[in-house]
Amino acid sequence: MPEEAGFPPAKRFRPGSGPPSRAGSFPPGRQVVMLLTAGSGGRGGGGGRRQQPPLAQPSASPYPEAVELQRRSLPIFQARGQLLAQLRNLDNAVLIGETGSGKTTQIPQYLYEGGISRQGIIAVTQPRRVAAISLATRVSDEKRTELGKLVGYTVRFDDVTSEDTRIKFLTDGMLLREAISDSLLRKYSCVILDEAHERTIHTDVLFGVVKAAQKRRKELGKLPLKVIVMSATMDVDLFSQYFNGAPVLYLEGRQHPIQVFYTKQPQNDYLHAALVSVFQIHQEAPSSQDILVFLTGQEEIEAMSKTCRDIAKHLPDGCPAMLVLPLYASLPYAQQLRVFQGAPKGYRKVIISTNIAETSITITGIKYVVDTGMVKAKKYNPDSGLEVLAVQRVSKTQAWQRTGRAGREDSGICYRLYTEDEFEKFDKMTVPEIQRCNLASVMLQLLAMKVPNVLTFDFMSKPSPDHIQAAIAQLDLLGALEHKDDQLTLTPMGRKMAAFPLEPKFAKTILMSPKFHCTEEILTIVSLLSVDSVLHNPPSRREEVQGVRKKFISSEGDHMTLLNIYRTFKNLGGNKDWCKENFVNSKNMTLVAEVRAQLRDICLKMSMPIASSRGDVESVRRCLAHSLFMSTAELQPDGTYATTDTHQPVAIHPSSVLFHCKPACVVYTELLYTNKCYMRDLCVIDAQWLYEAAPEYFRRKLRTARN
């Protein structure tokens, strides 16, 4: 609440009244079932304010009685009988329930206890791997069983299930991979599509795959497949219509009033406005009331965390101490857990988070939310072929979700760092990823599933024809496609690419590596790029980080530097003290080793020769150039960079080891757009290698540029 903002009188609402998931906003004729839960309608007694333990937090007590009492205290428990009666008789259902109501942990258990799993496994999909793992851990605790037995999980490169598993949490991408070999999903009796409102690219494809499997099983007289779509908020009419007019079940949850404040004037610097808001709240509110701030990404969060800590050291006497905690997906797991723990006496928790705190987790103690109204999201331009991460406005639905974090346990306050007029111009719903992302991976998966015509696939929200054609063109350039009888099919190379749980370009990189005798090195590099950041870069210790990293830096770029770090990590046996001294995330680096082992196994199953370059760095760089040729840039006469094929202006990201260098030509892994378009994860290459890799492609691009 910046002083210059001049907040108007507060507007009150009850959590859920803003988004279109409330019963009052359902269209006439839609079947809506209101399910009474603890804390709604005056029911719930003394337990009405108990909270579901956060996803990543272990159960509060090792004693079965305490765990069972916790289950019974959840808002959803009051509706258990009604829910089972409804779900038992429905093929499809859309279920809406507030974050923290217990729906994700309890619905699978209710279905299992009601006998739904006798004819097949109950699958629960999640957009994020951390949620799938922690939810499976929590539910296995509640069922008093070893993880991997009755309850298990499957995420990319990690399968903790057995023949006994009846409740299986998995990422949406992993269920898609299973559909490649079994399009009917025969092993499942029920698929629960959780956090459906996030509309990730994998989730949207999964909607169509599950719907088709359900229909086909019915046509073949197979055991029916039950499909339940769950979320804290969503466009229920769209989901209900898509799943054959599925009834909407609404869990009436605990609702506490929240005051919403807007700024009087637009804020040019949302980071400064957020900082001012935090310290005004901190100096006026009791220390027991915690603050949640929404920013866009790791760099912003770490920078603001440092600034908050520095300012907090110089506050006047009598002001509470401040415990500043960052929260983002690539943060080491142990540090993520800290947000769920209570602050020491006399301290206020200030949690600075990405949108991971919108719906995926429940954090207790939050009284104030500071919403910058910004989020980092992918955008794809099929004309230029560029996919970038860009900071943009949230949707109205996201804004209401953020606001609702303040009303989990008691009345709350949300400070929106934008005007009410600006809010009214926000998109109603978040644009699905499938309409704003590169679709090459999607098309490869659909073709691997032998979908007859990818252009007519039953998407809930259809991507533009330009996006689909651009994806097909990319796969064609990678040698993955061929045309047979007016139909697209996969080439032998394409089928091999689909066998890897990777982006097509990285799968192609591995498959190209035997030609350059560097498969061992490429497996390591691709594994490093497939895992959340293995490097920890606290802004407060920037000079120290640069000092210890000097010994690893390669003049050939970031890929080779990461390769050097991984080799040292392996040579020292994954020493955790070494990781700490060198600002390396030991957990993520261990995961890299596991990912690498699985990718290597896939290569061996294909009878691929696996050789090492034995220190020949050029062969590794040539391999990267031959497979990532669509992600390259060249130095221009004025000292700037432009992409090789579309001549889009780009710059080297400050985090790159090449930031102070001017190599003539580079290959990059990712583009990030902030104040300009930055390339991340770079490798120095020779421009001539690109023309060797795709001569016709670059000749065509050169002609277009001249014209």
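Placed from the backbone N, Cα and C atoms, the Cβ positions cover glycine too.
The region 'Disordered' feature in Swiss-Prot is assigned to 1-64.
Among the features that Swiss-Prot reports, region 'Required for nucleolar location' is placed at 1-80.
Taken from Swiss-Prot, the feature compositional bias 'Gly residues' applies to 39-49.
Under the heading compositional bias 'Low complexity', Swiss-Prot lists 50-64.
According to Swiss-Prot, the domain 'Helicase ATP-binding' annotation covers 84-252, on the basis of sequence analysis.
Spatially close to THR104 (ATP binding site) yet at least six residues away along the chain are VAL124, LEU135, ASP194, MET230, judged by Cβ distances under 8 angstroms. Secondary structure at THR104 (ATP binding site), taken from DSSP and collapsed to helix, strand or coil, is helix. Among the features that Swiss-Prot reports, ATP binding site is placed at GLY97, GLU98, THR99, GLY100, SER101, GLY102, LYS103, THR104, with the record citing sequence analysis.
The motif 'DEAH box' annotation in Swiss-Prot covers 194-197. When pLDDT values are averaged over the motif 'DEAH box' (194-197), the model yields 91.
As annotated by Swiss-Prot, domain 'Helicase C-terminal' applies to 277-450.
Annotated region 'HA2' per Swiss-Prot: 471-562, in sequence order.
Positions annotated as motif 'Critical for rDNA-binding' by Swiss-Prot, on the basis of similarity to another entry: 547-558.
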Mind giving me a neighbour count for GLY97 (ATP binding site)? Other Cβ atoms within 10 Å of its Cβ, every protein chain shown.
28
Based on DSSP, tally up the residues of the region 'HA2' (471-562) by helix, strand and coil.
57 helix, 10 strand, 25 coil
Chain residues in Cβ proximity to the motif 'Critical for rDNA-binding' (547-558) (below 8 Å; excluding those fewer than six residues from its ends, i.e. six or more beyond):
564-565, 568, 581-583, 617, 621, 656-658, 661, 663, 666, 680-684
Using DSSP, what is the helix/strand/coil residue split across the motif 'DEAH box' (194-197)?
2 helix, 0 strand, 2 coil
